[in-house]
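Annotated topological domain 'Cytoplasmic' per Swiss-Prot: 1-7, 73-80, 151-164, in sequence order, evidence recorded as sequence analysis. Taken from Swiss-Prot, the feature transmembrane segment covers 8-28, 52-72, 81-101, 130-150. What Swiss-Prot lists as topological domain 'Extracellular' is 29-51, 102-129.
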Amino acid sequence: MVKLTKRIGGLVLRLAAFGAALAALIVMITSRERASFFAVSLEAKYTDMAAFKYFVIANAVVSVYSFLVLFLPKESLLWKFVVVLDLVMTMLLTSSLSAALAVAQVGKKGNANAGWLPICGQVPKFCDQITGALIAGFVALVLYVLLLLYSLHSVVDPFLLQKS
């Protein structure tokens with residue numbers, strides 16, 4: 001019964017992490033807004049910034065990985081490798097979220113020293129969508145940290161309890 005509960009707990013965590021990464025991916029991909037000022041037209045989309053593209057690619061990789069691991073049998077010998085891949089996915093989410101947050105902050109506040117003006121006043125819907133994607137990405141990251149701890153406990157704990 002305990003093993004079944006642990007398996008279901010891990011499955012729920014993986015499913016939630018998959019959903020959060022997929023939500024971050026979809027919201028970021030659909031973020032776009034066009035604004036016109038007098039004769040000047042401005043279109044904001046995620047492909048304008050390399051950090052947002054990296055965020056999309058990272059969340060796509062994590063989503064595919066999360067989906068595939070859902071179907072891995074519990075008796076598989078690959079679970080030790082899954083712990084390593086969980087760590088890689090956690091670091092991938094961390095780096096992509098950090099880069100996207102930095103760019104989003106510049107978009108929102110600007111950077112007076114570099115002469116970059118904030119754009120969120122002109123394209124608020126775009127900025128709101130980016131914020132939503134970043135929130136979903138942060139949720140995915142937190143779930144992956146929990147999943148990593150859970151995976152480490154599941155794989156390492158049996159070795160610690162064995163008698164020599």
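Heads up, the Cβ atoms here are built off N, Cα and C, so glycines get one too.
Taking Cβ pairs closer than 8 Å, the transmembrane segment (81-101) reaches residues 21, 28, 51-52, 54-55, 57-59, 61-62, 65-66, 69, 72, 130, 133-134, 137-138, 140-141, 144-145, 147-148, 151-152, 155 in its own chain, all 6 or more past its ends. Sequence-distant contacts of the transmembrane segment (130-150), counting only residues of its own chain at least 6 positions beyond either end whose CB sits under 8 Å from a CB of the stretch, comprise 9-10, 13-14, 16-17, 20-21, 23-25, 27-28, 31, 46, 52, 55, 59, 62, 83, 86-87, 89-90, 93-94, 96-97, 100-101, 104, 107.
Helix, strand and coil counts from DSSP across the topological domain 'Extracellular' (29-51) read 6 helix, 12 strand, 5 coil. Tertiary proximity for the topological domain 'Extracellular' (102-129) is limited to same-chain residues at least six positions away from its ends with a CB under 8 Å from its CB atoms, namely 27-28, 30-33, 35, 37, 42, 44-45, 49, 51-52. For the topological domain 'Extracellular' (29-51), the residues of the chain that approach it from at least six positions outside its boundaries are 96, 99-100, 102-103, 119, 122-126, 129-130, 133, judged by C-beta separation under 8 angstroms. Outside the topological domain 'Cytoplasmic' (73-80), and at least 6 residues removed from its termini, the chain residues within Cβ reach (under 8 Å) are 7, 151, 154-155. When DSSP labels each residue, the topological domain 'Cytoplasmic' (73-80) comes out as 2 helix, 0 strand, 6 coil, counted as helix, strand and coil in that order. Remark: secondary structure over the topological domain 'Extracellular' (102-129) totals 14 helix, 2 strand, 12 coil, with classes taken from DSSP.
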